[in-house]
Amino acid sequence: MCVILPPLLLLPIPIVIGGTEAACGYAILIMAIYWVTEAIPLAVTAFLPLIMFPMSGIMSASAVSKAYFSDTAWLFVGGLIIAVSVEVTNLHKRIALSVLVLVGAKPRWLMLGFMLTTYFLSMWISNTATTAMMLPIVEAVFGELKAGEEKRAREEHIESEEERNKRMDNLIKGITLCVPYAASIGGTATVTGTGPNLVLSGLFNTLFPDATIKLSFANWIAYALPGSLCMLVLSYIWLSIFFLGFSLRDISSCLTRSNFTEGEKNARKVIVTEYKKLGNIKWKEVTVLAVFTTTALLWFFRDPGFMPGWSVVFKEDFVDDGTVAMTMAFFLFFLPSERPSSVDKVDDLKRPVSPILDWPTVHRMFPWSVMFLITGGFALAEGATQSGFSQWLGDQLIFLGDLPTWVISLIVTIIVCLFTECSSNVATASLFVPILANLVNKVIFITAQSLRIHPLHLMIPPVLACSLAFMLPVATPPNALAFSYGHIKVLDLVKAGSMLNIMGVAIITLFINTYGYSLFGLGEFPSWAELPGA
């Protein structure tokens, strides 16, 4: 019913109102309903522009198809292929266990270790993949902690069974929830870290092709990394207090790393044992680490802003971050997974050495649904612009221009933050970004004073807010994965996540109006953002 009823009930919109704006609005409403209800798989809903836009006279089939595969889409593809190589070689597991061995097994240190590891990995690979890899480690470590605590309680009779169960229950809730939360926060730090970032990067280049500012890898990480680190630290403090309590004695014990309990010793043994199972670092892990590091450096120094980048060797605007991603991904299909010099037998010379990646592996592990969801967002935004729907909706929101810029930004950020709790973050970004871009242009003509707002002032905060999905299991796949282990209830997510949402909105608002104001020059309205004929 959720599939059939919405198109029928909304059909009067294009029939009665008429025009391409109404036709596009009809398509967007249907897609929004399908995305929120998930009556149809998210990726399949993203195909609707290919069907509805040509039939509604909004865009030709050729034009819609082109919108699905922009250079930003290839940045996403290349980045994910590199991420697949990290997972295939177990490099991410080695990094995770190395950090956990370093921080130790004290509950507060464990939480910090899990959050730092998850945060770093989710900057480069899928938030869902990172969470799926970390949660089994959480389970194993907690099992040993719990067994050790039960043994200590039986021997020392230091607390009742009810008190111990409550304490361990809070501990597993805390270290389980810290993983998906850190994954969502880490994804905001890089332009390839999560879908909404790529949506903004791609749509910004489409909507403002003459912009002198490009949302490149270097520009994004320069702005988003400090804010995400701030969010990570505050999240850790909040979660450790909320679930582990505030005890000066406990905190002092953590800082001095003394008085380890039996459970904490056993938990550390589990981590060390898991790390030893990996053995010595392998050739393929070193190769992937080299490709991974080289890619990040090439992205950063392509156009760093503070100095000429290496891209100046080529024609202007010919080489982009997508070029780098696909080049490095290409290498992974022929770089050997074993050290060539290790083949010391004549018979072994005839044995072909397999590459780091092969196509069947990539085909199996690549998140095709996420890619189509993102590229469908590009097509949706292009249709909203071409049909005039974004312009019409911007006219309806024109009253916001009477408010200070930071208030407009705050209102939109809060709306998106709440909306993303019940909808895919990529879908949310795809719906809101083109509308906000057009609102930026519309407020130019609101009053005789000609109020002008820099596009990025309204576009960056809500896109970052798309990742503030902390309150519900359905808000994001990492939350759903954590919820599936059965340790947490919806109320736990709401209680812990609501404070993180408040902190996230506050940090986003603070950074865009201080650091972002200076970095992007938000105090001046750029000429490239003028409406044609303005």
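Each Cβ is built from the backbone N, Cα and C atoms, and glycine gets one as well.
Feature annotations, courtesy of TrEMBL:
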type	residues	note
SIGNAL	1-22	signal peptide
TRANSMEM	32-55	transmembrane segment
TRANSMEM	67-88	transmembrane segment
TRANSMEM	108-125	transmembrane segment
TRANSMEM	174-200	transmembrane segment
TRANSMEM	220-248	transmembrane segment
TRANSMEM	286-302	transmembrane segment
TRANSMEM	365-385	transmembrane segment
TRANSMEM	397-420	transmembrane segment
TRANSMEM	426-444	transmembrane segment
TRANSMEM	456-476	transmembrane segment
TRANSMEM	496-517	transmembrane segment
Ask   = For the transmembrane segment (108-125), which partner among 32-55, 67-88, 220-248 gives the most CB pairs under 8 Å?
value = 220-248
Ask   = Under an 8 Å Cβ to Cβ limit, what residues of the same chain, 6 or more beyond the ends of the transmembrane segment (496-517), are close to it?
value = 177, 181, 223, 226-227, 230-231, 234-235, 238-239, 242-243, 406, 409-410, 413-414, 417, 456-457, 460-461, 464-465, 468, 470-472, 523
Remark   = Long-range CB partners for the transmembrane segment (456-476) (under 8 A, at least six residues beyond its ends), listed in sequence order, are 127, 180-181, 184-185, 187-188, 194, 196-197, 199-200, 204, 213, 223-224, 227, 405, 408-410, 412-417, 420-422, 425-426, 428-429, 432-433, 436-437, 439-440, 482-483, 490, 493-494, 496-498, 500-501, 504-505, 508-509, 512, 516, 520, 522
Note = One stretch in 32-55, 220-248, 365-385 has more Cβ pairs under 8 Å to the transmembrane segment (67-88) than the rest, namely 365-385
Ask   = Under a criterion of three or more Cβ pairs within a distance under 8 Å and sequence separation of at least 6, are the transmembrane segment (32-55) and the transmembrane segment (365-385) in contact?
value = yes
